[in-house]
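Following: one structure in structure tokens, then a few remarks.
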Amino acid sequence: MAMEGYRGFLGLLVSALLVGFLSVIFTLIWVLHYREGLGWDGTALEFNWHPVLMVTGFVFIQGIAIIVYRLPWTWKCSKLLMKSIHAGLHTVATILAVIALVAVFDFHNARNIPNMYSLHSWVGLIAVIFYILQLLLGFFVFLLPWAPLSLRALLIPLHVYSGLLIFGTVIATVLMGVTEKLIFALKDPAYSTFPPEGVFTNTLSLLILLYGALIFWIVTRPQWKRPKEPNSVLLQPNGGAPEGVESSMAMNFGNVDKSDAELNSEAAARKRNFTLDEAGQRSTM
């Protein structure tokens, strides 16, 4: 199926990937060139893993996971495969975020710096907790075949909304963290004097903000949404649905839209008419 506005989508997708990749590269340049590098020894070098892993996993990879359903060349792939890729990318982002938290807590504890006193830390920890809950919800409700269709239909709007809310919160938290780090670290010359590190890192923050804006635009365009799959429920010979399925089909708007229902009704009517015609032919023979 052809995507409406494919060229526009492709341009925005390439732009988003380029900006996201540049955000990761800029973060590495920041910590390697301006912040003395990376390490795992309780010093500031260990802390530097925090922005690198957060931008790489919690921003860049999470953004890709959000728009993976929008890629038109994957529309012929099974929904289960795309769900697995979606969940896998979010799992990688979660692992990187947790390691980033370990790095910053380990650094604070080694230097006797208080934990969890800033707004950045409060919002950031909340975002990680809700992200993990979102991942578990998606795994047990949408990926595994245990949850009833009615429950999936009920939770899918919440799942979509909370995913975008968490992503936006992560973007805001990263921007707060970058600003907080620059205020603490840049003393001579001061942050207010526009030193090269401050200008460079402010540019990094603008790239992260632009990446978030591009992801939000791509994922909220209805014309770029993955087409709904045809209904896989087989109708009974009398035109009805198997017992216990009819009510689930009514609630499962994620898989069956209005046009699918109309097509199924027409197919059932044709089947009934064919049965009646066949019976009439037998009665006249």
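Every residue number used here counts from 1 along the chain in the order it is shown.
From the backbone N, Cα and C atoms, a Cβ is placed for every residue, glycine too.
Annotation source TrEMBL lists domain 'Cytochrome b561' at 15-220.
The transmembrane segment annotation in TrEMBL covers 12-32 (among others). Remote same-chain residues near the transmembrane segment (12-32) are listed as 38, 48, 51-52, 55-56, 59-60, 63-64, 67, 71, 197, 200-201, 203-204, 207-208, 210-211, 214-215, 217-218 (criterion: CB distance under 8 Å, separation of at least six residues from the stretch ends).
For 52-73 (among others), the entry in TrEMBL reads transmembrane segment.
For the transmembrane segment (85-105), the residues of the chain that approach it from at least six positions outside its boundaries are 40, 46-47, 49-54, 56-58, 61-62, 64-65, 68-69, 115, 125, 128, 131-132, 134-135, 138-139, 143, judged by C-beta separation under 8 angstroms. Marked as transmembrane segment by TrEMBL: 85-105 (among others).
Nonlocal intrachain contacts for the transmembrane segment (125-146), taken as residues 6+ away from its ends with a CB within less than 8 angstroms of a stretch CB, comprise 58, 80, 83-84, 86-87, 90-91, 93-94, 97-98, 101, 116, 152, 155-156, 159, 162-163, 166, 169-170, 173. According to TrEMBL, the transmembrane segment annotation covers 125-146 (among others).
Feature annotation from TrEMBL assigns transmembrane segment to 158-179 (among others). If you look at the transmembrane segment (158-179), the same-chain residues 6 or more away from its ends with a CB under 8 A from one of its CBs are 50-51, 54-55, 58-59, 62-63, 66, 119-120, 123-124, 126-127, 130-131, 134, 137-138, 141-142, 201, 204-205, 208-209, 212, 215-216, 219.
What TrEMBL records for 199-219 (among others) is transmembrane segment. Panel annotation: around the transmembrane segment (199-219), residues 9, 12-13, 15-16, 19-20, 22-23, 26-27, 29-30, 34, 55, 59-60, 63, 66-67, 70, 164, 167-168, 171, 174-175, 178-179, 182 of the same chain, lying at least six beyond its termini, place a Cβ under 8 Å from a Cβ of the stretch.
In the predicted model, residues of the domain 'Cytochrome b561' (15-220) average a pLDDT of 97.
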